[in-house]
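Novice: Sharing the features that TrEMBL gives for it:
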type     : residues                         : note
BINDING  : 45-50, 187-193, 212-216, 285-288 : GTP binding site
BINDING  : Ser49, Thr193                    : Mg(2+) binding site
COMPBIAS : 345-364                          : compositional bias 'Gly residues'
REGION   : 344-367                          : region 'Disordered'
Amino acid sequence: MTCCFAPDPDADKAARRDREITRITKEDFKEKQKVIQLLLLGTGESGKSTIRKQMQIIHINGFSSREREEKLAYMRRNIRDSIACIIAAMDKLDIAYTSEEAASLGAWVLRLMAENHVHNSVQADQDPFDYSQEFFDAVEKLWQDKGVQESFSQSSRYQLIDCAKYFLDRVHLFRDKSYMPTDQDILRCRIMTNDISDIQFDIKDGHHKVFDVGGQKGERKKWIQCFNNVTAILYLCDVSSFDLTLKEDIDSDRPKNRLLESLDTFQEVWLNRYLQDVSILLFINKIDQLEEKVRAGKSLRSMIKYCQQGLQLEQQELEEQQQIGDGLTGQAMNGVSLSSRHHPGGGVVGLGGGGGGGGSGGGGGKKKNVGPLDLRQFVCQFDFDQFEPT
């Protein structure tokens, strides 16, 4: 007797469905592998938004005419806030104007701002402030006053945006309503990041998503929202801020140094348990502004002394952690390649210029392992003699 069994149509259909699911899953995995998510982190005014804007210029054909026109309002705001900040500080610093006309114009500008209830929380295009030609005339005359220049030279003693000189030197351009801002203007423009912004672009190794998050203390709680599926973190440290204090601590009896805040925040990022498998590139930013300050006579000795004292203590703490199994100092931070931070050979510390100057990611030369104390080591070991005035 011969028995014949017909194939089960349901089983065959299930097998085909299983193969299709496997194929789709593999394709989806490959697509996700091609997506590189880069998170820009750093304390306030470290240069995160400038890096994002540079990427937009390089990879997304820059800015449209409409975007440039919209940015002009923020550039005028930078001019207004800068001159107001400088002249308001003159009374506290006991600096006098060199002419009665300048003193009268300074009082008029401050009164004008008070009458308009100036507040930077509103969008620049909704700002009620009247940017009249009379106002710009006053700004240009004030900026030429030697007393105002002296106040500007002592700006480390109060809170002033680092693009102030750039825009105050160019008032004659930005007062023209028909002026079309350049890429350099846009890179220099200071717009506080109060939310999570991103750009996306394609280059040969895949699709890139770059997220920019505010660096002020109140904004850092949003950082964790961006940790999921992040490929790499670009942490920016503004080393030119060694002589500045935090804006958030303006009313504090013991305001914290900005560079020290950056060092501490970097260590928090490095030790974050959600980021143990994430590549990190440390970008030492605004080297050019650091050079300008040192050449102008600013002393780095107090900062170096602090870093040297803290370095030994923190190294001991990390060695103790390693002994109990954490192995934190054995991890290597990866840089430009954006591969795993556990990859042998580690990554690179990037050195960059400030403002629109950008900088290198440090891709050349031999790679080295980098740990959470490297910012302090950089400050301690950097050859500052090259910046000494001749």
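Think of each number as a place in line: the chain as shown, counted from 1.
Any Cβ shown, glycine's included, is placed from N, Cα and C.
I would like each feature placed in context: is it buried or exposed, what are its neighbours, and how far apart are things?
Specialist: Within the same chain, residues at least six positions away from Gly214 (GTP binding site) with a Cβ under 8 Å of its Cβ are Gly44, Met192, Thr193, Asn194, Asp195, Arg220, Lys222.
Secondary structure from DSSP puts Thr193 (GTP binding site) in coil.
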Novice: Whose Cβ, among the binding-site residues Ser49, Thr193, Asn285, has more other Cβ atoms within 10 Å than any of the rest?
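Specialist: Sorting the candidates by Cβ neighbours within 10 Å, the top entry is Asn285.
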Novice: Hey, of the binding-site residues listed (Lys48, Arg190), which one tops the CB count within 10 A?
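Specialist: Most Cβ neighbours within 10 Å: Lys48.
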Novice: Indicate whether Asn285 (GTP binding site) is helix, strand or coil by DSSP.
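Specialist: Its secondary structure by DSSP: strand.
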Novice: Would you list, in sequence order, the binding-site residues among Leu187, Arg190, Asn285, Asp288 whose CA lies within 10 Å of the CA of Ser49 (Mg(2+) binding site)?
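Specialist: Of Leu187, Arg190, Asn285, Asp288, within range: Leu187, Arg190.
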Novice: For each of the binding-site residues (Glu45, Asp288), count the other CB atoms lying within 10 A of its CB, then report the residue with the highest count.
Specialist: Glu45
Novice: Under a three-state reading of DSSP, tell me whether Lys48 (GTP binding site) is helix, strand or coil.
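Specialist: In the DSSP reduction, Lys48 (GTP binding site) maps to helix.
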Novice: Where does Gly214 (GTP binding site) sit by DSSP, helix, strand or coil?
Specialist: coil
